[in-house]
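Take a look at the structure below.
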Amino acid sequence: MYFQKKETFFMPLTKDTLTFECETGNYHTFCPISCVAWLYQKIEDSFFLVVGTKTCGYFLQNALGVMIFAEPRYAMAELEEGDISAQLNDYEELKRLCSQIKKDRNPSVIVWIGTCTTEIIKMDLEGMAPRLEAEIDIPIVVARANGLDYAFTQGEDTVLAAMAHRCPDINSVTQNINIEDNGRERLLSFLPSKEKASNERKNESTHPPLVLFGSLPSNVTSQLTLELKKQNIDVSGWLPSQRYAELPSVGEGVYVCGVNPFLSRTATTLMRRRKCKLIGAPFPIGPDGTRAWIEKICSVFGIQPIGLEEREKQIWNSLQDYLNLVRGKSVFFMGDNLLEISLARFLIRCGMIVYEIGIPYMDKRYQAAELALLEKTCQEMNVSLPRIVEKPDNYNQVQRMRELQPDLAITGMAHANPLEARGISTKWSVEFTFAQIHGFTNARDILELVTRPLRRNLSLEQLGWTGLVKRNKLTA
């Protein structure tokens, strides 16, 4: 990698409207099967079986760690030459593995993760799963989270879209509940207190059912659920749930809302296949995004939000020490995990200048509310609107960074060291995927990640240790 000064690569920021461009760059990202890393921890009674080659196994070992003593709830079904040449019976091999999994771990659900190889050899995982499920009496969910996706975070999207088909239907569940309640009321009709309690329980929620989708740590889901509870909004359930048996009921009349910008496939499945109504809201990343997310849900249910402005102001006041560090600094997003729009919007609100937002894939319909909030934020902060580049070409991005000289580049791991060697501070975008960045209180964690290289540079400058890099960065 080297720098070559070309003025044609520099594009100025726009002032009036968002500018969308599409380049033909390659996708430099993790494989989507890495979603196993956080999903197997979220769904506590699950087991993930990745059907792939040695390369997939090496990747999982490096990405997740060997974990010899932890006995993790995931494994590799390694394809061999006999599988690829159709000399072995795929069904019998998978049956043997799943039977062993049932004997050793007895999970409530087994998730088959398809890979590039299963796509190439046309392995019929969807056809084998129902037969094997009936035979071993354990639900089997098939998700093709292969490397043909745009970003590694879309692996979660694929798994959640597959699980959305397994959610119970709200109408059948409601009918069963009504039958049980009627029978209980007739049985206990001589107890007025019980009858009163039953009526109160029916009148608890005055709005339609609300299901939130997106895999977040349990403490974060509790925080977001509590924030909505303060507005008299009850969350019927989360997709995914901590246990497979606790999947939320969906169907006609159920409202769904996402918490991550890379879940467009799940949103489409819930709308088209399960007939749910999608609430198109900004994502709850940063105090501004969390407030807008809650306000949008409140507006759909006809509820007047209470105390959100004071809550957001309180959080911003607690972040002043970080805001003083980032205010006036510039940042360049190379694009990696589809969180770029939300993070850029939050950093602009913090006072940073965003030159460019590179993103591997852009679903403008699913992220429409987030894009509108980004535009509104830029207008309120009186800053130019950043360029949004879909499928960015990394060579062209390097040239633009050479011209713009940002204070920070948020990039994939592959480009971090070369950019650091040329004097551009970097932050791995994958760290934002695994950090707790949702909700009001976790905004500090975002700024902790963003300011770490800035604070490091400040310390090095005070020690006088940055002269060598600064002197040689343009000649490298």
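Quick reminder: no glycine exception, Cβ is built from N, Cα and C everywhere.
The [4Fe-4S] cluster site recorded in Swiss-Prot comprises CYS31, CYS116 together with one of CYS22, CYS56, CYS98, namely CYS56. Each of the binding-site residues CYS31, CYS56, CYS116 was scored by how many other Cβ atoms lie within 10 Å of its Cβ, and the smallest score goes to CYS116. The Cβ centroid of CYS31, CYS56, CYS116 marks the [4Fe-4S] cluster site; residues of that chain outside this set whose Cβ lies within 8 Å of it are PRO32, ILE33, GLY52, THR53, THR55, PHE59, THR115, THR117, ASN146, GLY147, given in sequence order.
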